[in-house]
Amino acid sequence: MTDGSSREVVENGSDGWAAREEQEQEQADEKKLVRKLDLYLIPLIMMLYLFSFLDRVNIGNARLYGLEQDLHLSSSQFQVAVSIFFVPYLLFEVPSNLVLKLFTPRRWLAVLALSWGLVATLSGLVTSYAGLLACRLVLGVVEAGLFPGLTVYLTLFYTKHELARRVGYLFVSAAVAGAVGGLLAYGVGHLDGVRGMSGWRWILIIEGMPSVVLGAATWVWLPNEAATARFLSGAERKRMETRQEREYGNTKSAREFGFRDMRAAFKDWRVWAFCVAQFGVDTMLY
């Protein structure tokens, strides 16, 4: 082997090591970035879904503390009040996400949280069956956009491979809400008679108020996109832009949502298979 070819082998080997080191550093930086996103975004997002879930199911706990007796409800009327929530919840999920496209994600999610928090809190002041039904209907309208809205919001920061775990965190928060909801209601129920109000009223009022606070926190804390995230450095924002281009492409049409995408989703058998699986999961959660 000549001296020239030896030098070429050494140079190629050095270039290979340098490329591997650069790749490893890039992977380490990206993992660090994802951990930072998790730290700043996921806790608030999980709290939003936790309290939204708690506010829609706490009517079951309120039943144990005199709701039916105070409002003079029959068992069938109570079941209607529980179920009627899901009518607007189903109808307004897609329209709510279309509104999300018109407003900034932070503002729309904050408005939703403030709205359902106020409705859930005021539900503790109803004095009739009609008032309870009205609150449940409005609650279904304003909560309908949260889960799809949060899912869309997460796509602004995470890749497809990272997204599954972060959406899974939402289901974890729902399970936590189901686990602690009864214990919380038991504690709050001891306020029965305070200021002349039954325990069920205190349950709905106290469990609804944190959502109002979370709505205000969402307006202040959550960024609309990576480019405006105050907790990211300039280099991290650049890396986020690179991740988005790698994931979705760098053309405007690749980032836009249209009815063609909606039709494609309806024609995909995997979407329907997921719907069936999700139906089973939600049956157990509720």
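Backbone N, Cα and C atoms are what each Cβ position is placed from, and that goes for glycine too.
TrEMBL: automatically predicted annotations, no manual curation.
According to TrEMBL, the feature compositional bias 'Basic and acidic residues' maps to 1-10. TrEMBL lists 1-22 with the feature region 'Disordered'. What TrEMBL lists as transmembrane segment is 37-54, 74-92, 108-131, 137-156, 168-188, 200-222. The feature domain 'Major facilitator superfamily (MFS) profile' is assigned by TrEMBL to 41-286.
Here the transmembrane segment (200-222) has Cβ contacts under 8 Å with residues 41, 44-45, 47-48, 51-52, 54-55, 58-59, 61-67, 70, 105-107, 109-125, 153, 181, 184-185, 188-189, 191-192, 194 of the same chain, all six or more residues outside its ends. On the 0 to 100 pLDDT scale, the domain 'Major facilitator superfamily (MFS) profile' (41-286) averages 90 in this prediction.
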